[in-house]
Amino acid sequence: MVESAQFLSSIPFEKFRRLVADAPDAESATRFHAEQTAALRRNTPGMMAANLGNALALLATLIDTPLAPRAAIWAALMFLFCGFLYARTRRRGGAGGSRATAGASRRAIINALLLGLLWAAPPLLFFHAARPGAQLMIVTLTAGTLFGGAFALSRTPLAAAAFALPVALASAATLLAGGDGDLTRLAIVLCIYVAVLGRGVLVEAARFRAQFLAQTAAEHQARTDPLTGLPNRRAFIDAMERELARMRRHGGSFLLLCLDFDGFKLINDDLGHLAGDELLSQAAERMRAALRGTDFVGRLGGDEFAVIATEVGCEDSARLLAARIVACFEAPFDLEGRPVHCAVSVGGALGPRHGGDQQALFRSADLALYQAKAQGGGWRLFEPAA
């Protein structure tokens, strides 16, 4: 008993708190909920089949006893609920991905709790009134469902807890209420096994979360420019495609800006590549500060940067944003203790007015950039006639 108490006290509740917390940022949290929801949907058909099979086995055990009416009502409720969950999963099977949110996880927790309450009923309603053979069947089915369901839900630990706790508490209360020494000892064994189950769920949840965070970190590194910390060309192209898809679905427009530093090659040649890298790093910080929170800025390579400005559909709005970017480079850069001036040229194109796909929009913005550089720097919006 002392060893059992020590084992129970070693369960890492702080670890459980960390596991149920969201991922570090909003985008990662959304993806994490989507991964959890996808895992639940993959497991739902098998879980529902197992629940229905166990319900049929229990009903067959009690069908020729006075408990048959109550068992039939319970089995009918189980069939209805499992059928509802299965149908809902089939209906929403393609609605996962990045659109899955914390709301889907909350629904999963509620559904797990309801299923757990259904499985909490057999011990409370049937055990003490059943024959010894039926009691053994109730114990076997309830324990099997408890352990199998908790592991199937382990990637969403709150859902696993919501399912397992009602079943475990109802089973332990039923055994303790019997007033029999053997049943009391069985209740103690059940509590120990549930503690082992909880630890196993935590281990699986931790493995799943660590794998997700490692994959997310690797993807972030592959899509981030190491010098400036900005999204790289690959990430920018993906963001551009998402914005074009949004524009096609919902209408609206956006502004693409291409930026190039005037005289950057001379600075690189005179002061060295380290100074050039420092200039680019400082330039990235200035652009972050100048742009809106909804804008997307990336480094395409060298001294080429680009910006996606959402919901910008007129020349006046484009001019204001471009002027803010140009103005943020008027102050000199501090390179190795020396003030160095480096202006920027900006070319812009409006989607879909100046192009309905990436290639056309980049071509229009690049032409506008060349025109801006030809006129001595500053900003230029694409003009089809020109």
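The backbone N, Cα and C atoms fix where each Cβ goes, and this holds for glycine too.
Quick look at what TrEMBL annotates:
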type     : residues : note
DOMAIN   : 252-384  : domain 'GGDEF'
TRANSMEM : 67-87    : transmembrane segment
TRANSMEM : 108-127  : transmembrane segment
TRANSMEM : 133-153  : transmembrane segment
TRANSMEM : 158-177  : transmembrane segment
TRANSMEM : 183-202  : transmembrane segment
Which residues of the chain, 6 or more past the ends of the transmembrane segment (133-153), have a CB below 8 A from one of its CBs?
40, 43, 46-47, 50-51, 54, 57-58, 61-62, 65, 67, 108, 112, 115-116, 119, 122-123, 126-127, 159-160, 163-164, 167-168, 171, 190, 193-194, 197-198, 200-201, 204
Tell me, roughly as an integer, the mean pLDDT over the domain 'GGDEF' (252-384).
92
